[in-house]
Structures are given as C-alpha cells and as structure tokens.
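Q: Pasting a structure below so you can have a look.
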Amino acid sequence: MTDAKRKAHYARGPLFAVAPMIDWTDRRCRFFHRLLAPDALLYTEMIVADAVLHGDRERLLGFDSEEHPLALQLGGSDPAKLAEAARIAEGFGYDEINLNVGCPSDRVQSGAFGACLMLQPALVGECLSAMRQAVSIPVTVKCRIGVDDQDPEAALDALADAAVEAGVSAIWVHARKAWLQGLSPKENRDIPPLDYSRVVRLKARLPDMFIGLNGGLTSVRMAAEHLKGLDGVMMGRGAYGNPSDLAEVGPLIYDRPPAEVDYPALLQRMADYAGAHMARGGRLSQVTRHMVGLFQGQPGARRWRQILSERAVRPDATPDLLLEAFSYVSLTGTPTETAA
Ligand SMILES: Cc1cc2nc3c(=O)[nH]c(=O)nc-3n(C[C@H](O)[C@H](O)[C@H](O)COP(=O)(O)O)c2cc1C
C-alpha cells in the first residue's frame, strides 16, 4: 500500500463533497450529480456493514465508473464486521470508506451505531483502525459535534483524537449536535443549532488533519465562503434540491473557468442512462426522481417538475419523457423565485 493511494483525493487541496443521504444519493443520483460536478467527491447512502456481509452485494455496492471519486459510507460498530465490509468495498473499486457517526435514527440507535457512537470515541477508534488495516484506500469519519448534553468541546475533541490515532484521512463534521431523544431524524438535521466555529476550532487544534464542514450550506457559493480556514465543504440537501448549482463547484471551489452547462447534452446522457437502467429491469422514475429540482427558478420549471413527478411513474413511460419535459423549460431567463 502506498501513502499516495491512501491520501488520493485528500492530497489535492480543497475538496467539495455531496453528502451521503439515505434514499437520495443512490447510484442513479450520483451519476446525475457527476455530470454537473466533475470534480466533486460523491458519497453513497449509508450502508450497514451487516448488509454488505450478508446482502446482495452487487445491488448494494454496484456503481458506474463515471461516479469516481466515490466514497462508500458504512454504518456499524463492530470493528471486525466493518473491516470486512470495507475490504469487500475496496474490491468493488471505491475510493474511500467512511464511517457514519452522525445518523440519529431509531433504527440505527438500536444497532448501536450512528450518532450515539459520539458517546464511545474509543470504540470508534477501534472501528476506524480495523477498517484502515483492512484497506489501502482512505478511511474517513463523518460525525456530529456531540449528542444530547455532551459538551461539544470535549466530545468532538475526543472523537477526533480517536480518529487521528486510528489514521483516518479526513474528519467531516456535521456542525450541530444530534439529540437522540425526542427528535425525528429530519428534525435532527434542522433543530439543533449549527456551530461552524466549533469546526474551525477543531481545525486550529489539528492543523495537519483534513477537516471538512457540513450542515446548512445552502449553495455552492456559501460553501466556498466557509472553506476558508478549513479543508473541505460538504453539501447535502442544497445540492439535492437544486442540482444545477453543482455546476458552480468547478469555478468556485476548484478555480476552473466558468462553463455553461450543456443541458440538451446532459439530458440526452441521462435519457441514455435511464434507457440502460430500464433495460436491466429498473424504472424510469428511479432515475428521474433525482432530477425534479434541476431547473429550479427557471421559466418552465413547474411544468418540468410536474411531468417528471406525474408521468415518469407510469408503466409505459420512456426516457424520451426527459426530453419532452425539457422542451417546456426556457433557459434564457435569470432564475426567479416565482417562475412557472
Ligand atoms: C434524506 C437524507 C438522508 C440522509 N442520510 C444520511 C446518511 O446516510 N449518512 C449520513 O452521514 N448522513 C445522512 N444525512 C445527513 C446529511 O449527510 C447531512 O449531514 C445533513 O443533511 C446536513 O447537511 P445539509 O444541511 O447540507 O443537508 C441525510 C440527510 C438527508 C436529508
């Protein structure tokens, strides 16, 4: 194993990532996001280590080569199982394995992983260390700043120290606590207050470690502004809801020259992709559901949304629906809030 491989995308400077999101960042979504943001690091949905060990691996782990660089996020708290799942995933060609220490859902709590692991930094260290020994690609962690009544200063430092000790390549921090009792997972992404300064303090304390910020970054421009003093920014809902904004990643994060998105070519590519997906037994709506927000703010966006939402689910729907829906969109206008 070489150090270069270990560091890979983390050695290249500032990094923009699209966050792992269960039910959202599946392979269809990632293929689509990749066309808009060639440089972004993409994450899978969280996949539980047990599922990798015992489930249908091709269905759970399969992806298209276009999705690189691609990180698999694992959920679990058993070092041996996580190590084995990481090893299997490396065989599939992933570029990174990430451990979820941020997800507060009940299902996850009952399995003793996700955000409640903030309470067990030593166990997180063991998990990460076992994963790191099993693979030669980067192993990383995504965590919160604490849970419940934990002091975020001590809680995040303890977690980060365990991760550093285990040899991770990056620590991504969703800059708010998770409250394990009384809030739904959705509320836990909005209600506990954001504290970006806590993440900046972590970076000051660990200047040699890659520290990435996540949470409440609603546009690529806002993400770029928060990159100062940090190593990476990660956007979740903002990227999913308004995917055209991902075209700003090149110019605003990676200093690439601004380029207009060639939407007709993009949609043709997605139609071809959808055709191939359907030929394998998939449904059109599994592809188009991730594209509904594409023309947000442009004249015709409402019609686009309506056609995709209502007609892509019909059994006789074909990929041409994408091109038909696009014919109602006018790209000449400046995005407006009220555009139809
Ligand atoms: C639908 C949905 C599913 C999510 N699933 C995961 C997940 O699988 N793993 C994870 O670490 N975070 C998950 N998250 C949290 C996001 O990765 C991210 O931390 C959170 O949404 C805050 O970032 P944002 O404000 O940019 O959306 C999910 C968020 C959403 C909206």
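Including glycine, each Cβ sits where the backbone N, Cα and C put it.
Please treat TrEMBL annotations as automatic predictions, because they have not gone through curation.
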Q: If TrEMBL says GLN73, HIS174, ASN214, GLY215, GLY216, GLY236, ARG237 bind FMN, which of LYS142, LYS186 does it name for the same site?
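A: FMN site check in TrEMBL: besides GLN73, HIS174, ASN214, GLY215, GLY216, GLY236, ARG237, the record includes LYS142 out of LYS142, LYS186.
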Q: Quick one, of the recorded sites ARG189, ARG302, which Cβ has the fewest other Cβ within 10 Å?
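A: With the recorded sites ARG189, ARG302, fewest surrounding Cβ atoms within 10 Å: ARG302.
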Q: How many Å separate the Cα atoms of GLY216 (FMN binding site) and ARG302 (site 'Interacts with tRNA')?
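A: Taking the Cα atoms only, GLY216 (FMN binding site) lies 25 Å from ARG302 (site 'Interacts with tRNA').
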Q: Do any of the recorded positions HIS174, LYS186, ARG302 touch ligand 1, in the sense that the CB is under 6 Å from one of its atoms?
A: HIS174
Q: Restricting to the recorded positions ASN100, CYS103, LYS186, ARG189, ARG302, ARG305, which ones have a CA within 10 Å of the CA of ASN214 (FMN binding site)?
A: none
Q: I'd like to confirm something. Which of the recorded sites, ASN100, LYS186, ARG189, ARG302, ARG305, has a Cα closest to the Cα of GLN73 (FMN binding site)?
A: ASN100
Q: Compute the C-alpha separation of LYS142 (FMN binding site) from ASN100 (site 'Interacts with tRNA'), stating it in Å without decimals.
A: 5
